[in-house]
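K.L.:
Got a structure here, written out as structure tokens. Questions coming.
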């Protein structure tokens, strides 16, 4: 059970209330099989664990009087709870990470070669032998960048680290995808 | 890797600015580290750790601060386990929730809150009926959403189309991400982790990018409906977490042997979250994955597995405080006569395993050698397309494999209303829910039977082509599915036979009419267990690169009984040249007499030896010690930063005290610390079985061979492997080396 945090701003209060307090996150689910001429039914209610039995949840009771006990014996009641906030946060976080990765992938594969080509011109991009079978001109970009190496400031360091990472990935890609030595 | 490549390792110029950003600089390899795709020296790591521990213990007596530091060092192991458990559990929970949602996304969407899966969306609704437990107006299939019609041929075709399109989209994203960011994230990961744990180095296999990409693409791959599971990759994810936290403590980051203890425990945590079974995880790590498993690691693994399981429980992905989807209880005992169908299921499991292994290896070989291997992205898309197109019509293959297995394990009580439980009920039945006697099967059950048979054939065939593609894939769940389907079919067959022919001799003593006799769900579980045990022999499909690091596995199966004493001399003489076979057997050695740095550098540049012996002098050739080939250039190159004044013409010495030199000479370079003064030696009369035993039990990489006190040659791990390959009539040249 979560209590609602009282915040002064009305909008923020309702938002936090929605996020934290969700009485719909618990339920008691009773499954009752067919009995005589009554067909099978499922009953759900937001009750706590102590009230999770046939008498409290099955409403309206389809049988009356003496049959209630026989009917209830066949029913199975289970208490379940979930955390809708966790589900919401997890899915949204996952989608945002996936989106970021996709954007970065699009940038690496499509935009960056285009930008580099426009900045440095065609003449400086020499295809090396290593790039046969690999469409991304990673190695060239490293050579091109080293021409413009002025002094070791942070941007250049990030660039160098990125180039190093790309070379590692290229090596991995060669051994896994091209030569099939690792991971068959 | 030749020393020439080592020489090209970029060294950063020492700059005074930007110390905060030093982590972006390339880490300069330290003396005593290992090259990529080489094995570690277990003995060296163990002795280093003992030294470190001794130092800390002796220093702890000095002051309170040192005592606290020694306590922190002792506790760091448990802290690492805690962190691994927390992160593995969290990631497993995220993966479970995301897979749940994305699998349902192929069929429809929740209108009230798009992040809910089908079951979660209908959680509070009151419109669910007994027969259709998942139906509610808040969750709509795509056809209903787009056109407004829920039934009809048009709606079916539209649903079909969208299902296939979503599946293709997910798998395309998965393979693209793997290809661009982390190619090591494909496959299951367990064979490679076994290799790493036995002492092999694969740089980047347990890296941060691999961790991220594996987590993200695993969700995509499983959600796309392909016939693969997520249990194997979860072990890889957990080991990546283990590697990540190792780097926090120098006790583990600098010592490869200790790191592997942590990775063993991390593997246990991975299996623990995959199945919700901490003890199962520890046993898996102990039996399957680990090479070196001391008792301390047993407790630490259990701790990590428990923490991971509790974290997963806290995230509660399945909404009812269970950890795994397969939670079943059977109330009827089984009878001895049921052993016959159980044995049949076991035989089926073995047959399926053989078929799968042979077919999969043949297909993987085809992938390696032909054009198929050049188009991994297209291959993934094609296989996904075929899988989705064939899986949609059959309701048992349309849903996720875990749900299928869970339904097959389920015992059919009165509360179930699925097609599989469509038995003819006695309307006057008054038994309680669990003890329903055997009933004749209704038409729904027969319908389900032939659909399940089709599903079985489909799954067997498609898994052969799915496993080995360049996306994260596990083999546990598809194997269990095949076994569960087969088991359920057999169980229903036995059940109906027992009901209709209860007067036969075998059933008469066992099945009384009116009593619960056969539980088909139990047969499904037995079938799943039978099929799970078989295909997990991945060493056979791994490349030779992996084979070479596990010599003990081979020799345990086939002893070296073939070797006799006469063979003891040739193995050592043939291997006294290092490097590729057939090269001129030049012995390069360093003497204790002073040499200059530039002479050493010339020696390293001209030759590509992996090791050098150090002798007293060229004349006496009395053996002093051994220097690893990798350490020598590193030590020379690193020295200018440590001792000023060392230049090319400096003298190099291996003795304890510097040689007497005139004061005009530049500072001499002491290289005693890279000298191994106690390398392992055998004589040339040592029988080959003993040599193999020594390599296996001690985890050696090389062993020196002496004769009459003089150093004769060296025998390395690869030579031993080649010898064993020859013993088993395999091609010794297939053992690869860099």
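Along the chain as shown, the residues are counted starting at 1.
Placed from the backbone N, Cα and C atoms, the Cβ positions cover glycine too.
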K.L.:
Match it up for me: which of B:406-426, B:427-447, B:448-468 does TrEMBL list as transmembrane segment?
P.N.:
B:448-468
K.L.:
Given the ranges B:139-159, B:202-222, B:223-243, which one is assigned the annotation transmembrane segment in TrEMBL?
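P.N.:
TrEMBL lists transmembrane segment for residues B:202-222.
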K.L.:
To which of the residue ranges B:55-74, B:115-134, B:475-494 does TrEMBL assign the term transmembrane segment?
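P.N.:
Checked against TrEMBL: transmembrane segment maps to B:475-494.
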K.L.:
Suppose you had to name the range TrEMBL annotates as transmembrane segment; which of B:25-49, B:75-99 would you pick?
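P.N.:
Within the set B:25-49, B:75-99, TrEMBL attaches transmembrane segment to B:75-99.
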K.L.:
Can you tell me which parts of the same chain pack against the transmembrane segment (B:377-396), counting only residues 6+ beyond its ends and a CB-CB cutoff under 8 A?
P.N.:
160, 163-164, 167-168, 170-172, 174-176, 179, 224-227, 367, 404, 419, 448, 451-452, 454-455, 458, 462, 465-466, 469-471, 485
K.L.:
What residues elsewhere in the chain lie close to the transmembrane segment (B:475-494), defined as a C-beta under 8 angstroms and at least 6 residues from its ends?
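P.N.:
Result: 188, 227-232, 274, 338, 341, 344-345, 348-349, 352, 356, 396, 401-402, 404-405, 408-409, 420, 441, 445, 449, 452-453, 455-456, 459-460, 463, 466-467, 518-532, 534-536.
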K.L.:
If you run through the domain 'CBS' (B:675-733) with DSSP, how many residues end up as helix, strand and coil?
P.N.:
24 helix, 18 strand, 17 coil
K.L.:
Below 8 Å between Cβ atoms, which of the listed ranges B:160-182, B:202-222, B:448-468 makes the most pairs with the transmembrane segment (B:335-357)?
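P.N.:
Most Cβ pairs under 8 Å with the transmembrane segment (B:335-357) come from B:448-468.
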